[in-house]
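Look at TrEMBL and you will find Arg17, Lys24 tagged as site 'Transition state stabilizer'. Annotated site 'Positions MEP for the nucleophilic attack' per TrEMBL: Arg154, Lys210, in sequence order.
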Amino acid sequence: MNEKWGVVIVAAGRGTRMGTSESKQFLHLANKPIMVHTLELFQRLDFVNEISLVVGTDDIDRCETWVRDYELSKVTAVISGGGERQHSVLRGLEKLTSDWVMVHDGVRPLVTEAAVANCCRTAMQGGAAVLAVPVKDTIKQVDEGGVIVSTPDRRSLWAIQTPQAFRRVLLLEAHQRASEEGFLGTDDAMVVERMGAPVTVAEGDYTNIKITTPEDLPYAEFLIGQRRSERGEA
Ligand SMILES: Nc1ccn([C@@H]2O[C@H](COP(=O)(O)OP(=O)(O)OP(=O)(O)O)[C@@H](O)[C@H]2O)c(=O)n1
Ligand SMILES: C[C@](O)(CO)[C@H](O)COP(=O)(O)O
């Protein structure tokens, strides 16, 4: 890929669903903070040239130390996030200068280099793309009383992941507009979709899990171990 990409890694959440006193992005997997696993993947990609790392205000110092200790030279900014994921993304985005940008959750350490490249290539065809996988379960829409309202056709349903990749000016305008209008979405594609711009799905892997609740940790540890042994590492 000839284009150079900027990346926002959002890691300023509190991890309430994980329920640990330490925020989940700082928990260790295979002897390293989860967030460091994620950063190392983007550091290795030759088409990435800048990374904006968004963390909690009280975590800036230790994250700057990790950036030095783990030689994450592509991290060009370590900044504090906002109250919602979307606010954190906008702050990180404002620090990037590349024409093309990705947003990735700090707590998705298992994304593969091939999947990131697939997402970026797809974005460069239409301006915006997100990694996703077809849902495997039957999904029901259920009302407040617990009664099923509808069963959407599964063939049109995808579970959305990160990274999400965009032309920078498009994503910046979409986030700025959402912020001015008080719109809060659960991913970056939503702010672009509401501007009427197309966002394409790039098929990813089921193993690109977002570490959200305690049962995700042993599975992530297993996947990291499995990949290490595939690479012939101890
Ligand atoms: N104000 C926020 C909220 C979330 N995030 C980041 O967005 C990613 C995905 O969010 P999620 O899994 O929902 O993380 P948390 O908000 O930390 O989790 P919870 O909803 O359980 O509190 C995480 O890397 C998280 O650190 C962020 O940077 N700023
Ligand atoms: C962006 C995201 O990772 C897509 O799956 C996700 O929506 C962000 O976190 P959430 O708080 O679990 O929705």
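Here the Cβ of each residue, glycine as well, is placed from N, Cα and C on the backbone.
Quick caveat, the model's predicted, so the values are computed rather than measured.
Features as recorded by TrEMBL, highlighted on the structure.
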residue: Arg17; record: site 'Transition state stabilizer'; Cβ contacts under 8 Å, 6 or more apart: Thr212, Thr213
residue: Lys24; record: site 'Transition state stabilizer'; Cβ contacts under 8 Å, 6 or more apart: Gly13, Gly15, Met18, Ile34, Val107, Ile211, Thr212
residue: Arg154; record: site 'Positions MEP for the nucleophilic attack'; Cβ contacts under 8 Å, 6 or more apart: Pro134, Val135, Thr138, Ile139
residue: Lys210; record: site 'Positions MEP for the nucleophilic attack'; Cβ contacts under 8 Å, 6 or more apart: Asp105, Val107, Arg108, Gln161, Thr162, Asp216
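With respect to ligand 2, the recorded sites Arg17, Lys24, Arg154, Lys210 contribute Lys210 as residues with a C-beta closer than 6 angstroms to one of its atoms, given in sequence order.
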